[in-house]
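Enquirer: If you scroll down you'll find the structure; I have some questions about it.
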Amino acid sequence: MLGILALFAIVPLVSQDPYVLGVWTFLLLNILVVVGLDLLLGYAGQLSLGHGIFVAIGAYASGLLTTKAGFSGWAAMPVGMLAAALLAAIVAVPTLRLRGYYLAMATLGFPVMFDAAVRVTSQWSGGSSGIISIPRLKIGGYILRDPLVYYYLVLGVVAVVLLVVWNLANSRLGLKLRAIHADETAASARGINVTSLKVMVFVASATIAALSGSLYVHNVQFVAPDTFGLNYSLTLVIMLVVGGMGRIWGGILGVVLLGWMPELLREAATWQPVIFGSILAIIMLFAPSGLAGFVRRRSFFLPEEAPAGPPSKSSDKPVLAVRDIGKAFGGVQAVKGLSFDVRAGEIKSIIGPNGAGKSTALALISGAIAVDSGTIKLGGQPVEQTPAYHRARLGLGRTFQHARLIPTLTVYENMVLGASVLGTRYEAEASTILHHLDLVHVAHAFPGEANQYERKLIEIGTALAASPALLLLDEPGAGLSSTEIEKLAKLLREQKERGCAIVLVDHIMSLVIPLSDSILVLNSGSPIMDGEPAEVIADAEVRRAYLGERSDVHA
């Protein structure tokens with residue numbers, strides 16, 4: 001990042017022509033907007049198609065307050081940023097609670113709405129004619145009219161914002177944002193407040209855009225509604241996509257490339273759309289992840305292991321207490337009247353045929369799905385009305401029937417994400433789990449590069465990295481060999497001995513029976529038996545319906 005800033009610092013050494021400096025200044029201002037947009041789209045995966053309105057708010061706030069209300073440029077700037085932040089929050093709170101393209105649809109109409117608002121209030125906004133004679137910024141008594149001075153002022157602002165965003169993107173927050181982008185359900189299961197983070201990033205992105213708009217108008221001294229229309233908003237997205245989302249320097253590359261292209265093609269004005277479109281098509285065809293996508297991000301740092309903590313103290317109080325929970329989907333009762341307890345150092349298995357409601361039960365306990373009735377207590381605290389991330393922070397870890405790892409994070413980063421609920425020691429704890437599970441050799445690989453057994457361990461390790469009091473496992477033995485199942489059983493016994501309460505769902509009886517302290521049998525969403533393994537095995541109906549009369553059932 002420092003190298004990129006150094007390159008921009010020497011631009012005036014190449015040319016101090018006012019026009020050239022003006023173009024570079026405009027590109028720097030667009031870099032501000034695109035970097036903020038990258039946090040929103042490239043990292044958090046939330047698409048805004050009307051982001052130009054936040055630039056316009058910053059521009060118009062500065063223009064109106066300095067020409068109509070006697071504000072200085074420096075005083076008007078934070079007002080515009082605050083106005084953009086408030087609008088972003090108002091839009092984000094309802095739309096970002098939902099998944100999909102609701103934010104994109106909500107922001108798509110922003111440019112049209114803003115244009116209409118400006119024209120309706122033309123008596124003070126200037127209407128389609130815009131606002132003219134906007135005063136330049138001053139430092140003391142010095143007016144910043146020199147293009148070279150203003151270029152370095154903007155570069156300084158960009159440098160500060162870039163360094164802040166760079167540090168955020170490469171911190172624990174950046175991991176959380178990429179997790180949200182890849183899989184919101186998995187992110188929530190790892191203790192991440194998905195909605196809160198999405199709203200925060202949208203507000204931050206809008207605030208940065210407004211700062212860019214304010215700096216823009218104090219340079220050109222004019223603003224009109226057409227400047228920040230829908231085409232401008234779409235161009236910002238295209239710049240980011242071409243350069244490469246999720247890479248700060250990718251957005252910068254996209255801005256410079258597409259920003260200078262019209263200038264370079266000025267002599268071929270008639271062919272500009274054809275050439276421009278062809279270049280975009282080629283880039284998207286051969287670099288669908290953008291130009292920065294050719295460089296795959298990896299981290300090769302692995303901290304020292306955390307010191308081993310003492311085993312959890314046993315208690316007569318259940319870690320998990322489920323009472324009469326139920327859930328229906330339409331007219332189908334997926335779970336009905338489910339009740340059981342799990343104590344520290346106890347393994348409770350849930351078995352039943354396909355469609356019995358086993359995975360749904362785990363989803364209800366973890367908070368991925370809301371219960372219709374009943375109560376759930378975690379560590380004695382009622383949690384049935386709380387979201388999944390809150391339960392994760394209370395000590396609930398889980399895996400999924402189909403592994404839900406974050407594919408864009410390395411194995412180590414997935415572990416760090418899981419351990420992030422711990423606070424300051426999360427990196428050391430992630431390293432400890434990697435060593436304990438013998439996964440150091442794939443620590444800096446991506447999950448897709450690991451084999452099936454390793455991916456199972458990675459997901460379990462991601463849950464264990466948070467030192468959970470309760471661990472929910474959904475078919476961890478599926479697809480594993482007998483040798484791998486034995487290794488898995490050994491791992492679960494170790495966690496049991498350390499005092500972790502475990503709820504295990506699996507069809508592999510050679511894993512379930514030796515491990516379980518008790519087994520609950522579900523059929524069509526309802527419990528039909530709950531007892532010790534020997535008792536369950538001895539029941540003729542259970543053997544006939546679920547276990548069969550196989551000779552290896554005691555294996």
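Placed from the backbone N, Cα and C atoms, the Cβ positions cover glycine too.
Automatic prediction, not curation, is the source of TrEMBL annotations.
Quick paste of what TrEMBL says about this protein:
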DOMAIN    320-549  domain 'ABC transporter'
TRANSMEM  26-44  transmembrane segment
TRANSMEM  49-67  transmembrane segment
TRANSMEM  73-93  transmembrane segment
TRANSMEM  100-118  transmembrane segment
TRANSMEM  149-169  transmembrane segment
TRANSMEM  199-217  transmembrane segment
TRANSMEM  237-261  transmembrane segment
TRANSMEM  273-295  transmembrane segment
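I would like each feature placed in context: is it buried or exposed, what are its neighbours, and how far apart are things?
Expert: Residues 8, 51, 55, 151, 154-155, 157-158, 161-162, 165, 168-169, 174, 177-178, 180-181, 197-198, 201-202, 204-209, 211-212, 215-216, 236-237, 239-240, 243-248, 250-252, 254-256, 259-260 of the same chain sit 6 or more residues outside the transmembrane segment (26-44) yet have a Cβ under 8 Å from a Cβ within it.
Long-range contacts of the transmembrane segment (49-67) within its own chain (CB-CB distance under 8 A, at least 6 residues past either end) are made by residues 33, 37, 73, 75-77, 79-81, 83-84, 87-88, 104, 107-111, 113-114, 118, 124-125, 131, 133-135, 205-207, 209-214, 216-218, 223, 225, 227-230, 232-234, 236-237.
Sequence-distant contacts of the transmembrane segment (273-295), counting only residues of its own chain at least 6 positions beyond either end whose CB sits under 8 Å from a CB of the stretch, comprise 238, 240-245, 247, 249-250, 253-254, 257, 261-262, 265.
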Enquirer: By a Cβ-Cβ criterion of under 8 Å, what residues six or more beyond either terminus of the transmembrane segment (73-93) are in contact with it?
Expert: 53-54, 57-62, 65-66, 103, 106-107, 135-138, 198-199, 202-203, 205-207, 209-211, 213-215, 218
